[in-house]
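A.B. asks: TrEMBL lists these features:
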type	residues	note
DOMAIN	4-186	domain 'UmuC'
BINDING	D8, D103	Mg(2+) binding site
SITE	F13	site 'Substrate discrimination'
ACT_SITE	E104	active site
Amino acid sequence: MRKIIHIDMDAFFAAVEMRDNPALRNVPMAVGGSSDRRGVISTSNYEARKYGVRSAMPTKTALKLCPHLVLVRGRMSKYKEASDIVFEIFHEYTDLVQGLSLDEAYLDVTDCDMFQNSATWIAQDIRKKIYERTGGLTASAGIAPNKLIAKIASDYRKPNGQFTVAPKDIEDFMKTIPIERIHGIGKVTAKHMHEMGIKTCLDMQGYTRSELIYHFGKFGDALFDYCRGHDEREVETEYERKSLGTEETFSKDISNFDEMKIHLVRMVEEVKNDLAHYEDRTVKNLHVKIKYFDFKQTTIERQMPFNEESFVYLLEERWAQDPRPVRLLGVGVKFEEEKVMDENNYQLSLLTEPKL
């Protein structure tokens with residue numbers, strides 16, 4: 001039986017800001033957005049969450065919920081610095097570390113001989129070291145025989161706590177879990193399930209494997225196991241990056257093509273510089289992403305040479321089809337798949353992966 005720990009830093013970006021500026025600790029605050037109500041919230045502290053402020057929420061909405069919300073500009077270099085410390089700690093216990101983002105990872109400690117091989121004690125020690133070495137940042141942990149349950153469990157004692165699900169407790173633990181907590185279930189699938197009367201894992205257990213495959217395709221095969229707490233996915237230490245890109249949210253909506261072109265050219269140069277770190281990879285496709293003033297977005301992707309003219313062409317083509325005010329513009333590339341790589345590679349969040 002494997003021993004998996006899921007570690008999730010508590011309100012990570014906000015926690016770094018509160019650590020560096022104690023005046024922010026007892027006020028509702030969020031990282032991201034801006035005082036003129038543009039952009040989106042990256043992370044909010046727990047004081048702000050009491051008002052309903054959440055990550056990925058438009059700043060305008062967040063300020064309606066909490067008019068006295070303090071907005072802080074993000075400092076990615078500081079977050080990366082703290083993340084590096086955290087991941088160094090992980091590797092003191094095991095080499096089987098799968099980073100999901102700067103502030104989240106799976107650890108397989110099955111073969112770790114520390115603390116009499118107790119995953120619960122190991123998680124506790126990891127969290128203690130994180131607090132000490134990062135200057136007071138806290139983490140929550142879930143401990144279980146597999147990744148599915150460990151991730152669910154890490155939310156049970158947030159913030160700054162941990163929860164263990166032993167093998168003998170899996171059956172009872174899974175019965176009350178809402179289907180939204182299951183790996184891979186998004187809003188569309190959840191809506192379909194609710195229409196079928198499936199709200200918890202226990203509800204899903206009433207369906208046969210064939211029935212779930214009928215309703216949800218290949219994913220139904222995995223769902224049959226997931227709703228029972230079965231998950232054979234391994235902690236992956238290797239990954240192949242699939243894409244690279246950058247984007248910008250404008251301070252004011254842009255309705256002029258020439259003005260957009262100026263921003264696009266600058267972003268293409270930024271991606272070009274980033275590509276210098278991937279000389280062994282071949283660019284397959286280019287893409288341009290546009291998000292309009294009403295938050296509707298569109299992406300155009302083509303197999304073209306990597307140069308400024310290609311990106312301008314893509315922007316011009318899509319803009320001609322829908323010339324409305326634009327709030328966000330993005331550019332990027334998709335890589336050719338590598339011919340030689342591990343069977344199961346894991347893609348980290350674009351531009352946010354930790355160095356392992």
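In case you wondered, yes, glycine gets a Cβ from its N, Cα and C as well.
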A.B. asks: Given the recorded positions D103, E104, which one is most crowded in terms of C-beta atoms within 10 angstroms?
C.D. replies: D103
A.B. asks: Cα of the residue listed as 'active site' to Cα of D8 (Mg(2+) binding site): how many Å, rounded?
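C.D. replies: Cα-Cα, rounded: 5 Å.
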A.B. asks: Using the alpha carbons only, what distance in Å do you get between F13 (site 'Substrate discrimination') and D103 (Mg(2+) binding site) once rounded?
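C.D. replies: Rounded to the nearest whole number, the Cα-Cα distance is 9 Å.
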A.B. asks: What is the total of other Cβ atoms whose distance to the Cβ of D8 (Mg(2+) binding site) is within 10 Å?
C.D. replies: 19
